[in-house]
Amino acid sequence: MCTKTIPVLWGCFLLWNLYVSSSQTIYPGIKARITQRALDYGVQAGMKMIEQMLKEKKLPDLSGSESLEFLKVDYVNYNFSNIKISAFSFPNTSLAFVPGVGIKALTNHGTANISTDWGFESPLFQDTGGADLFLSGVYFTGIIILTRNDFGHPTLKLQDCYAQLSHAHVSFSGELSVLYNSFAEPMEKPILKNLNEMLCPIIASEVKALNANLSTLEVLTKIDNYTLLDYSLISSPEITENYLDLNLKGVFYPLENLTDPPFSPVPFVLPERSNSMLYIGIAEYFFKSASFAHFTAGVFNVTLSTEEISNHFVQNSQGLGNVLSRIAEIYILSQPFMVRIMATEPPIINLQPGNFTLDIPASIMMLTQPKNSTVETIVSMDFVASTSVGLVILGQRLVCSLSLNRFRLALPESNRSNIEVLRFENILSSILHFGVLPLANAKLQQGFPLSNPHKFLFVNSDIEVLEGFLLISTDLKYETSSKQQPSFHVWEGLNLISRQWRGKSAP
C-alpha cells in the first residue's frame with residue numbers, strides 16, 4: 001500500500017509546483033527588441049562614445065624595473081604617468097548575439113597612440129620627460145552577460161575576457177631623447193607585458209562603473225501629477241541568434257498607491273522582423289493600466305461652466321449660442337448652467353489590427369445655480385462615448401489624441417425614437433466633441449516617455465496597431481551633443497494618425 005502511495009504523492013507534488021509556477025508567471029507590458037542592425041550601428045556609435053570617453057580618461061600609471069646589461073647598468077626604475085590615448089583605430093570590430101548568454105565583442109588589428117610622462121632612476125642617472133607610445137596588433141574578445149538586479153535594473157558582467165597587444169614602440173622626447181631612444185627597445189617588452197596584464201582589469205573596471213550608472217536609472221517615472229510608470233525589467237533579457245528581448249513591466253500606478261491593477265497582462269509575441277534596429281511592443285495592458293490609474297485618481301471627472309464651454313466651441317459652425325438656446329428651449333433656463341461629466345468606469349481599451357479605440361462609460365449632469373441658492377441638477381444620465389486614438393512619436397515620446405466616433409445615451413431602445421431625446425443626445429455629443437475632448441487632448445500632449453538608450457534618438461519611426469499591442473519600429477541615432485527636445489505644447493504641423501494607422505515620426 002505504501003509503495004503505491006509514494007508515486008501518487010510525488011505526482012501531486014509535481015502538479016502543484018507546475019500550478020504555482022504558472023500562476024506566478026509575469027508577462028511584460030512593454031517588450032523591446034534589439035536586432036543585429038542595432039549592434040552593427042552600436043559598433044559605429046560605440047567608437048564615438050569611446051573616443052569621447054578617452055578624451056577625459058587617464059589610464060593607471062605604469063612602473064617597473066629593468067636591467068640594461070648592454071650599458072652595464074644593474075637596474076633602471078621607470079615610471080610612466082599621465083597616460084592618455086590620443087588616437088586609436090579598431091577597423092575590425094564586431095558585436096554578435098550569443099544565444100542564451102549575452103553579446104560577444106571582438107576586435108583585432110587595432111592600433112593606438114599614447115602620450116605619457118616618464119621618469120627614470122638608476123645608480124648612474126635619473127631624469128624625467130615625455131614620450132609617445134605606439135601600440136599595434138590590438139586584439140580583444142569578451143562576452144557581455146546581461147541580467148537584472150532585484151530592483152529591475154539591467155546589470156552587465158564581463159566574461160571570457162582576453163586582450164593582447166602584439167607590438168609596442170616607444171619614442172622619447174627631450175634633450176637626451178637620442179640617448180634614451182637607443183635603449184628604448186629593451187624596455188618595450190616589459191611595457192607590453194604590463195599593458196597586457198592591465199587590459200582586462202581596466203575593461204572590467206569600466207563595466208563595473210557602467211553598472212554603477214545603470215543602478216541609478218529611474219525605473220519609476222512620474223508621468224503627470226496623478227500617475228507613475230514602472231519601466232523595471234521583470235526578467236533577464238532573452239537572447240537568440242538574431243535579437244535580444246527586454247521584458248519591461250510597463251504598468252501605471254496612481255501616484256499615492258503602488259498597487260498592481262486588478263487585471264493581469266497577457267502574453268504577446270513580436271513579429272519576426274529585422275529591418276529596424278529596435279522594435280517596441282506596447283501591450284494593451286499598458287494602456288489599460290494607464291486608464292485604470294487615471295480613473296482611480298479622478299482625472300476623468302470634469303466640470304465645465306458656460307464660459308469654459310464657450311472657449312471650446314469656437315470651431316463649431318452652429319455656434320455656442322445656438323446650442324445653448326436649444327438647451328434653454330428644452331429646460332426653460334434663464335440662468336447660466338454647468339456640465340459635469342464623470343467616468344463611471346475606467347475607459348475601455350481595445351487594440352485590433354489597424355484600429356485603436358477607447359470607449360468611455362460616463363455620466364453627464366446639467367447643473368444650474370440660481371442666485372443665492374445651491375446647485376441644482378437639471379438632468380442626469382449615463383452615456384458611452386466611443387473614440388479613436390491617434391498616435392504620433394514626437395521626440396522620444398508617444399503622444400496620443402482622441403477623436404469622437406460615436407456618442408450614445410444609455411436609454412431603453414423604446415425611447416430612442418423620441419425626437420427630444422435625439423436632440424438632447426446631439427447637443428451633449430457637441431459639448432463632448434467641442435468642449436471636453438479638446439481639454440483631454442491638451443493633457444495628452446505631454447505623451448508617454450519611450451525608454452531609449454542614453455543619447456540615442458529615435459529616427460525613421462513607424463507605428464502599427466496589431467491585435468492586443470502597439471508596435472513601434474525605429475532606427476537609432478547617436479547624438480554626441482545634447483540638443484533641446486521639441487516642445488510638447490504645440491500641435492501645429494503634427495500629422496496625427498486617425499484612420500491611417502501606420503505613420504512616420506513627426507519631423
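One is the number of the first residue shown, and numbering goes on along the chain from there.
Cβ atoms here come from the backbone N, Cα and C positions, even for glycine.
Here's what Swiss-Prot has on this protein:
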type	residues	note
SIGNAL	1-23	signal peptide
CARBOHYD	Asn79	N-linked glycosylation site
CARBOHYD	Asn92	N-linked glycosylation site
CARBOHYD	Asn113	N-linked glycosylation site
DISULFID	Cys161-Cys200	disulfide bond
CARBOHYD	Asn213	N-linked glycosylation site
CARBOHYD	Asn225	N-linked glycosylation site
CARBOHYD	Asn257	N-linked glycosylation site
CARBOHYD	Asn301	N-linked glycosylation site
CARBOHYD	Asn355	N-linked glycosylation site
CARBOHYD	Asn372	N-linked glycosylation site
CARBOHYD	Asn415	N-linked glycosylation site
Legend entry - Cα proximity to Asn257 (N-linked glycosylation site), best match among recorded positions Asn79, Cys200, Asn213, Asn355, Asn372: Asn213
Legend entry - Around the Cβ of Cys200 (disulfide bond), the count of other Cβ atoms that are within 10 Å: 17
Legend entry - Asn257 (N-linked glycosylation site): tally of other CB atoms within 10 A of its CB: 10
Legend entry - Listed in sequence order, residues with CB under 8 A of Asn113 (N-linked glycosylation site) and six or more positions away: Ile85, Ser86, Ala87, Phe88, Asp132, Leu133, Phe134, Leu135
Inset, instruction - Sort the glycosylation sites Asn92, Asn301, Asn355, Asn372 by C-alpha distance from Cys161 (disulfide bond) and give me just the closest. - result: Asn92
Legend entry - Spatial separation of Cys200 (disulfide bond) from Asn213 (N-linked glycosylation site) - C-alpha basis, Å: 20
Inset, instruction - May I ask which of the glycosylation sites Asn92, Asn225, Asn372 is closest to Asn301 (N-linked glycosylation site) if we compare their C-alpha atoms? - result: Asn225
Inset, instruction - Just name the winner among Asn79, Asn92, Asn301, Asn355, Asn372 (the glycosylation sites) by count of other CB atoms within 10 A of its CB. - result: Asn79
Legend entry - Asn372 (N-linked glycosylation site) versus recorded positions Asn79, Cys200, Asn355 - nearest by Cα: Asn355
Inset, instruction - By CA-CA distance, flag whichever of Asn79, Asn92, Asn225, Asn355 among the glycosylation sites is nearest to Cys200 (disulfide bond). - result: Asn92
Inset, instruction - By CA-CA distance, flag whichever of Asn79, Asn92, Asn355 among the glycosylation sites is nearest to Asn225 (N-linked glycosylation site). - result: Asn355
Inset, instruction - Determine, from DSSP, whether Asn225 (N-linked glycosylation site) sits in helix, strand or coil. - result: coil
Legend entry - Densest Cβ neighbourhood among Cys161, Asn213, Asn225 (recorded positions), 10 Å radius: Cys161
